[in-house]
């Protein structure tokens, strides 16, 4: 995805109060051990499972995580909401630094694909967006997997278990930045602190006018099962401190002292151990030593959209032809492992504007912002940068130009599934410099991302060898389906309509900054899209959930791997599709909450 990467913020971390890293001292060392449950991956899903399963004091749980607390790598930088944009491509030991295979839809170039390597996973470094998916998407989910427990009404209780909501701070937000939401859709006491940023971007107040001008209705913060419209964005931030609320902050730290929970950081899963057709544990390495962790009840893979299928394949569960290629003994021929990968796609547009944005947050203004955040948890650093969002179906005048195949594919989606998404970014975004250059260019800049959230392109994840030490082969295959081309062209034009509307004219300075006024014809726009489009790093569905009759299904509706006992997959790879919404993180939290209950109720 395109992200802001303000160089001024990268240089300012030393001015922040450094968060404590003493928690690392209580992390256990790897050794041959036996637990009731072993969870591979201490990310967004894995830590939810660890928290909920250890609520039963008679149950022992180990979490295997290659990373550590992000504070041990970059101090407290990940805790600061405004710093979220700097992590993609930063090449810190906080990410896996994956690169895709050459992408046919992008002129055969590879692109970076960021995945966190840390306790908390991508919840440590993403944009913290919080929102549910649509009611229709839930019904489709239930239908595809043959399980009505996935309908919206049945999943609401799990959504609410993820949320500890605090109302917006009206004293610190702009007077014209009051969010709309219904308290019936919120809850307290859940794992993640959720609120609206204490600081509202002026740029976003104007974008709201632009989106209204092109016909988007006002929405209620996207936590009511309706995704069509525009709204201020709920985020995973602690209202009282202005600190990011992640899986490790909300689900792990509060239960670190539980004696039945063991965290094995700096530990790499190498191979699933089988006893016949049952998983019995996992072979891991830590500091050059190899150990065996035995799971008496279940082994649960929560290693993410790339490494959960990779671990299955190197262990002998996957497409037989691929396993044979690397002389991997076949435990179970499951053709769907690593298939069906899907991701949202996006391109940016930028303008110079007559309101203060983050593009000029440097020097004394940055020092003031740091002081305010350290003292009160408010100000520009308490804002994640993407605090406003719009979603819609492509309007009729654009649909008239869609290909017949596009129309057919989109007609299969629920009526309430938006196809296009528009995100704000309070700085410039270009192909050569991702944000933060306002102080160099002179002036303030604002951007919007034009995105497709009903993508039809499908990719895959494969293996390069029989070893987890070799990175997986990641082929999202983005921008290859004609539907995605039709939709992204529409999204681009709709963003232009909003930003060039009379409603936004009072703050716009000059012509479009990026890609610029010379990009006008459909051919020119398509050239720009091909050169610039990127995945959102929202990869899903590589261990697809589905009915036993679905040849691509890897797991059933309980997360259990078909044909293998005592083995589940619970993470972004588990979904039957990539659900629409502000961002899919909350769907992963919610699935983990649901399947934690399922695991607790399983009789062994």
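Note that Cβ sites are derived from N, Cα and C of the backbone, with glycine treated the same way.
Computed from a predicted structure; not experimentally measured.
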Given Swiss-Prot annotates 44, 45, 65, 66, 126, 127, 128, 129, 584, 585 as FAD-binding, which of 137, 572 belongs to that site as well?
572
Annotated N-linked glycosylation site residue, as Swiss-Prot has it, among 176, 265:
265
Position flagged as N-linked glycosylation site [Swiss-Prot], chosen from 97, 164:
97
Alpha-carbon spacing, residue 76 (N-linked glycosylation site) to residue 538 (active site, proton acceptor), which is rounded to whole Å:
25
For residue 126 (FAD binding site), which residues in the same chain are close in space, meaning a Cβ under 8 Å from its Cβ, but six or more apart along the sequence?
84, 583, 585
List of residues, in chain order, with Cβ under 8 A from that of residue 538 (active site, proton acceptor) and at least 6 apart:
343, 344, 572, 578, 583, 584
Rounded to a whole angstrom, what is the C-alpha distance between residue 260 (N-linked glycosylation site) and residue 32 (N-linked glycosylation site)?
16
Which one of these recorded positions, 44, 76, 97, 265, 401, has the sparsest Cβ neighbourhood, judged by other Cβ atoms within 10 angstroms?
401
Determine, to the nearest whole angstrom, how far the Cα atom of residue 32 (N-linked glycosylation site) is from the Cα atom of residue 65 (FAD binding site).
16
Given the recorded positions 97, 128, 265, 460, find the one whose Cα is closest in space to the Cα of residue 401 (N-linked glycosylation site).
460
Within a 10 Å radius of its Cβ, which of these binding-site residues (128, 572) has the fewest neighbouring Cβ atoms?
128
By CA-CA distance, flag whichever of 97, 265, 460 among the glycosylation sites is nearest to residue 65 (FAD binding site).
265
